[in-house]
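Taken verbatim from TrEMBL:
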| type | residues | note |
| --- | --- | --- |
| TRANSMEM | 27-52 | transmembrane segment |
| TRANSMEM | 162-188 | transmembrane segment |
| TRANSMEM | 260-282 | transmembrane segment |
| TRANSMEM | 288-308 | transmembrane segment |
| DOMAIN | 360-602 | domain 'ABC transporter' |
Amino acid sequence: MTAAGASPSERRREIARLLPYAGPGPLAAAVALNLVAGLLPAGFIVWTSVMLAEVAAPAAGRPADLAATATALGLAVGAYIAQQVIVPYQAALGEIIARRVDGRCARRLMRAALADAPMAVLEREDVLSGLGDARDGLGRLPPTPGEAVAGALTLIARYTQLAGAVVLIGIMLSPVAAVVAAATALVIRHGQRGSLGRLGALWRELAGPRRRVAYLRGTGTAPTAAKEFRTLGLIDWYERRHRQDSREYLGALWAGRRRILFWPFVGYTLVGLAGGAALLLWLGRSAALGGLGLLEISIVLQAALVAVRFGTFFPESDVQTQYGLNAYEALETFEEVARRGAGETPRGDLPAAGLPRHGIRFEGVRFGYGRGRTVLDGLDLELPAGSSTAIVGLNGAGKTTLVKLLARLYDPDQGRIAVDGLDLRGLDPRDWQRRLAVIFQDYVRYELSAGANIGLGAPDALTDREALLAAARRAGALEVVQALPGGLDTPLSRQYAGGRDLSGGQWQRVALARAFLAVERGASVLVLDEPTAQLDVRAEVEFFDRFLAITGGLTTVIISHRFSTVRRADRIAVIEHGRVVEQGDHASLLRSGGRYAGLFNLQARRFGPGSDGVR
Ligand SMILES: Nc1ncnc2c1ncn2[C@@H]1O[C@H](COP(=O)(O)OP(=O)(O)OP(=O)(O)O)[C@@H](O)[C@H]1O
């Protein structure tokens, strides 16, 4: 990792240490190419000066030497063309070297994060923030839309410069020469941007492999992955996989670049050559015929070079304008999809205040995600107001999907959900969602303070510390909060100064506190998806003792695979094949000896003879 605030000499030493990562071939080629690129302008100056001296010879009393003039002109043109030809090779070599060096640095970072650093070190705040910086720095972030705009503005300077040069050629040499200069510049420029546009398309085409490499690099340098990588012995495999996928991606990228860039480059170089040569010859001829003085020659020569050079790459704008807008285009596409989706979704406007008074009914609900398989298929279910309903079913049965429909994150394809007889689609969705307090299985662990993690259950209570602590107490999270060095103000992430991370069960209590705060602030339907999955047995028992007291009078839905959780509900519904196949209370379902009894007995057996499956 680069030391922060390294001095210039330290930075030079660091670059010297990184140079070998480029590999001997690219390194030698880059040194040679850059030496030549550095010498060519000197050659150009010398040969154009020789040419000028020869042109001025008659004025100095010497006879004009046409052969020497032509040789100097030829060498000057050659030096100029060579400079132009070298530019893209310099850029390509630079890219190869940057990729190789970054690749080696990323592998070093992965190894350091996954294999070398002790876990205790990986949990230190300063180390985590340094690791975050290193990952971001190696992220090869594309230019942003803002950079595209700034880059586009710099084109004003480029085009003004061209216009000035063309006008000067028109005045000093001839209008036709000015047209030749302008046409040469614009044709090359058009070709250059066209190639870059096709490269942009290639970049989009390779989005999948690029994302995979970025993912591998991201997880491989994330401290959270280190535990599993070490214990499973995945480090060597992971490195190989990263190298192989990187090679495949870069192979496809470079092949595409060669295909897109080579022939256009040759073609437009020839156009530049022809246009530049025509202008120089025109100038030489006019000068030889004595029609131009040194001043005019010098002005036209430099203006012609401005025009011909115009067609090449503009580092201050081209990449920015080509790639910077990708994020913006993605944003616009997303907005459009969102707008269309919102337009197709009925948006009711009935107020939801006070609902449900009687109950919520799923009536013949059929639903599938997109074109995927049908998840719920004619599901009928009643959730009486003021009572608790537990939903049981195997993995993938559709329990969470049912909650998503209830929260109006999706609408049924067929059938309806009725709240006190009103179709859910007729209610104002935001208003209805405020009536719900839902904690999903994959609830969000906000990298914010403990207080905010609770307070986001009802944003208007974010600053009400009493309310936050009361919600924490109800969820059994008070001792978690009190043990934090800054209490409610402690950031729940080690990436921040004074931050702490929580255990899975502690996080779950904080998420429950969030839901209880929402209930406290007016939500009347509490939905908990696997609320106790990460709680220890004692915490689970405590949770349910409190839960029954807290939720009395509320409409609650609990999804759980733990029968100790489920059995306490007023009603239990078993979902299978997209429908409710059984419902009733724990005792009646056990008596009936059906699906629920089967699952219950299976779990009970797992925990030994005599166990009632409570865990
Ligand atoms: N966003 C989604 N897009 C496509 N399919 C999905 C999506 N979410 C869930 N599914 C699919 O819908 C089915 C039901 O998923 P759901 O999460 O509702 O099951 P579940 O009963 O809650 O399972 P679990 O007990 O494992 O939590 C699964 O086959 C799942 O793959």
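Any Cβ shown, glycine's included, is placed from N, Cα and C.
Residues of the same chain lying 6 or more positions beyond the ends of the transmembrane segment (288-308) and with a Cβ under 8 Å from any Cβ of it are 48, 52, 55-56, 58, 64, 66, 69, 80, 84, 161-162, 164-166, 168-169, 172-173, 177, 181-182, 184-185, 188, 272, 275-276, 279-280. Tertiary neighbourhood of the transmembrane segment (27-52): same-chain residues 19-20, 68-69, 72-73, 75-76, 79-80, 82-83, 86, 89-90, 93-94, 97, 284, 294, 297-298, 301, selected by CB-CB distance under 8 Å and a gap of 6+ residues from either end. On the 0 to 100 pLDDT scale, the domain 'ABC transporter' (360-602) averages 90 in the predicted structure.
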